[in-house]
Amino acid sequence: MEQIDRTLATEKNIALVAHDHCKSSLLEWVKNNSEQLSHHKLFATGTTGNLVNHHTGLEVTQMLSGPMGGDQQIGAMIAEKKIDILIFFWDPLNAVPHDPDVKALLRLATVWNIPVATNRATANFLISSPLFSQESKIKIPDYEGYLKERLK
């Protein structure tokens with residue numbers, strides 16, 4: 001599939017997701033970076049969003065809890081180009097009942113070429129990048145062109 005440019009605005013739409021055993025780590029990371037995150041729009045799965053809002057006061061648009069469809073909601077937003085960055089602290093040592101949703105979420109983030117951090121070290125690298133707070137371009141699939149070709 002051909003690729004086209006997508007511009008990520010200075011103010012990013014950032015999705016925050018964390019498995020149960022990783023929520024405290026994500027919450028600590030958000031607290032440490034709350035000043036910088038306050039300049040962006042935050043979205044999160046249900047429990048994670050509640051915790052972030054309660055402990056930091058940051059405004060967070062909350063989806064359903066991950067196992068109840070929240071991961072899929074975030075994935076749909078990625079496909080609709082409504083999420084620019086995914087911060088997803090997932091637990092590789094414990095299986096979750098909605099593991100197919102987790103895989104689908106990471107797959108969509110890769111398909112749509114958005115920056116993804118799956119642990120604190122990567123999240124630190126990402127948030128410290130100059131691109132985090134400035135307009136930048138990414139390459140994404142040319143879905144409209146793909147459809148045009150397929151429907152000839």
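Keep in mind that glycine also has a Cβ here, set from the backbone N, Cα and C atoms.
Annotated domain 'MGS-like' per Swiss-Prot: 6-152, in sequence order, evidence recorded as sequence analysis. Under the heading substrate binding site, Swiss-Prot lists H19, K23, T45, G46, T47, T48, S65, G66, H98. Here Swiss-Prot flags D71 as active site, proton donor/acceptor.
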Residue among binding-site residues T45, S65 with least C-beta crowding, 10 angstrom cut-off: S65
Composition by DSSP (helix, strand, coil) of residues within the domain 'MGS-like' (6-152): 75 helix, 29 strand, 43 coil
For substrate: widest Cα to Cα gap among H19, K23, T45, G46, T47, T48, S65, G66, H98 in Å: 17
Residue among binding-site residues H19, H98 with least C-beta crowding, 10 angstrom cut-off: H98
Least surrounded among the recorded positions, given as T47, D71, when other CB atoms within 10 Å are counted: T47
Nearest recorded site to D71 (active site, proton donor/acceptor) by CA-CA distance, among binding-site residues H19, T47, S65: S65
CB-centroid shell, 8 A cutoff, substrate site H19, K23, T45, G46, T47, T48, S65, G66, H98, site residues removed: V17, A18, D20, A44, P67, G70, D71
